[in-house]
Amino acid sequence: MDNGMFSGFIMIKNLLLFCISMNLSSHFGFSQMPTSSVKDETNDNITIFTRILDGLLDGYDNRLRPGLGERITQVRTDIYVTSFGPVSDTEMEYTIDVFFRQSWKDERLRFKGPMQRLPLNNLLASKIWTPDTFFHNGKKSIAHNMTTPNKLLRLEDDGTLLYTMRLTISAECPMQLEDFPMDAHACPLKFGSYAYPNSEVVYVWTNGSTKSVVVAEDGSRLNQYHLMGQTVGTENISTSTGEYTIMTAHFHLKRKIGYFVIQTYLPCIMTVILSQVSFWLNRESVPARTVFGVTTVLTMTTLSISARNSLPKVAYATAMDWFIAVCYAFVFSALIEFATVNYFTKRGWAWDGKKALEAAKIKKKREVILNKSTNAFTTGKMSHPPNIPKEQTPAGTSNTTSVSVKPSEEKTSESKKTYNSISKIDKMSRIVFPVLFGTFNLVYWATYLNREPVIKGAASPK
């Protein structure tokens, strides 16, 4: 009985162990099957896409554009600006860093597969047809290749391609500097097909005229300009090989005036004010007034030369040139004013000397007459007893002597008054020069600061 119970217990135990082992084996078998299936599925997808790409490129001729002989190839473009600047005034060019995107449709690259869009390696770009886009006003362009070529290529199942590359472009920026430094400019970026005319390839903006060119919020790298906005458009040119479409994007710039106020305008204004200080100096202070005049003229000459160093050698006068020229005229006029005052001062001294000489002659004549009358009076009185004290002087002698002294004192006082007097020209200059210079500044700044810049060939930014 005991043996039967023991054998039954062993059978139950073995049955339980068998069930547990079956469950464990089934569990591990269930968890391993999906992993194997995923790997197989992934390998299958890679194999499928490899076969698709090999099939697409089999017999593909990248020398021929899509739709050759059937339709015009349309290339849609847009630009994302990551960095704008710097701008060189002397070279009239600017530098821009962009993501340049192009999209077109190539029916030869249609495919059917588990994915609608294939992100491809940039190496495939050399095996398919791509637009021959070039920049008309570009002086130098760099395609970034670190750490790999900065290019992106995507293919959709209907044959639509998206081709993006990162470029740094140095382009021409024609500038009209008549209003410098209160000027504004529209720097263009022009691109299009090099070989295909409008009858074969046309360019259009992807997102219309408002969102096809976007500048990053922190993309401005400008020290002397404000980036006011950008506008896009198209141009058509006709050559001997056909008509071509040129895509244009204008970047609107407004110059910052602060640097030039500190470096040029304030020094010029202070130099003019310093030249007018000489009007308040004594007109006989020839060395001091000469130093004021010559120093201010030389200072204005130095300022005018240094102001031109930051500009290209244009053949017309800028707004700053006009301001410097007027300041130079005020400084030079102050020097001429001193020369005029000095001339009339010396002439006045000569006139005073002539008067003094005539007065001296009259004085000598009076002294001769006085001596004769004194001698006659002394001779006539010798018969009378000398009861008059030595200190007492005859009335006639006393009166004559007093008359002869007074003219000398008056001439001396007049001479001193002429020497220390203020010139009428200086009095007028103290009022006229500051008023005229203040009026000029008022008109100058009101005219240029309120002027709306007109840029030919570019619409104003919205």
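Yeah, the Cβs are placed from backbone N, Cα and C, and that goes for glycine too.
Remember, predicted model here, so these are calculated numbers, not experimental data.
In Swiss-Prot this protein carries:
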{"type": "TOPO_DOM", "residues": "32-260", "note": "topological domain 'Extracellular'"}
{"type": "CARBOHYD", "residues": "Asn45", "note": "N-linked glycosylation site"}
{"type": "BINDING", "residues": "Arg101, Thr164", "note": "4-aminobutanoate binding site"}
{"type": "CARBOHYD", "residues": "Asn145", "note": "N-linked glycosylation site"}
{"type": "DISULFID", "residues": "Cys173-Cys187", "note": "disulfide bond"}
{"type": "CARBOHYD", "residues": "Asn207", "note": "N-linked glycosylation site"}
{"type": "CARBOHYD", "residues": "Asn236", "note": "N-linked glycosylation site"}
{"type": "TRANSMEM", "residues": "261-281", "note": "transmembrane segment"}
{"type": "TOPO_DOM", "residues": "282-286", "note": "topological domain 'Cytoplasmic'"}
{"type": "TRANSMEM", "residues": "287-308", "note": "transmembrane segment"}
{"type": "TOPO_DOM", "residues": "309-318", "note": "topological domain 'Extracellular'"}
{"type": "TRANSMEM", "residues": "319-340", "note": "transmembrane segment"}
{"type": "TOPO_DOM", "residues": "341-427", "note": "topological domain 'Cytoplasmic'"}
{"type": "CROSSLNK", "residues": "Lys355", "note": "ubiquitin cross-link"}
{"type": "REGION", "residues": "377-412", "note": "region 'Disordered'"}
{"type": "TRANSMEM", "residues": "428-448", "note": "transmembrane segment"}
{"type": "TOPO_DOM", "residues": "449-462", "note": "topological domain 'Extracellular'"}
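Distribution of Swiss-Prot features across the structure.
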residue : record                        : Cβ within 10 Å
Arg101  : 4-aminobutanoate binding site : 17
Asn145  : N-linked glycosylation site   : 11
Thr164  : 4-aminobutanoate binding site : 17
Cys173  : disulfide bond                : 21
Cys187  : disulfide bond                : 25
Asn207  : N-linked glycosylation site   : 12
Asn236  : N-linked glycosylation site   : 10
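Between the CA atoms of Asn145 (N-linked glycosylation site) and Asn207 (N-linked glycosylation site) there is a gap of 28 Å, rounded to the nearest whole number. For Arg101 (4-aminobutanoate binding site), the nearest neighbour among the listed recorded positions (Cys173, Asn207, Asn236), judged by C-alpha distance, is Asn207.
The closest partner of Thr164 (4-aminobutanoate binding site) among the recorded positions, by CA position, is Asn207; the full candidate set was Cys173, Cys187, Asn207, Asn236. Cα of Asn207 (N-linked glycosylation site) to Cα of Asn236 (N-linked glycosylation site): a distance of 20 Å. Panel annotation: around the topological domain 'Extracellular' (309-318), residues 89-92, 175, 177-181, 325 of the same chain, lying at least six beyond its termini, place a Cβ under 8 Å from a Cβ of the stretch.
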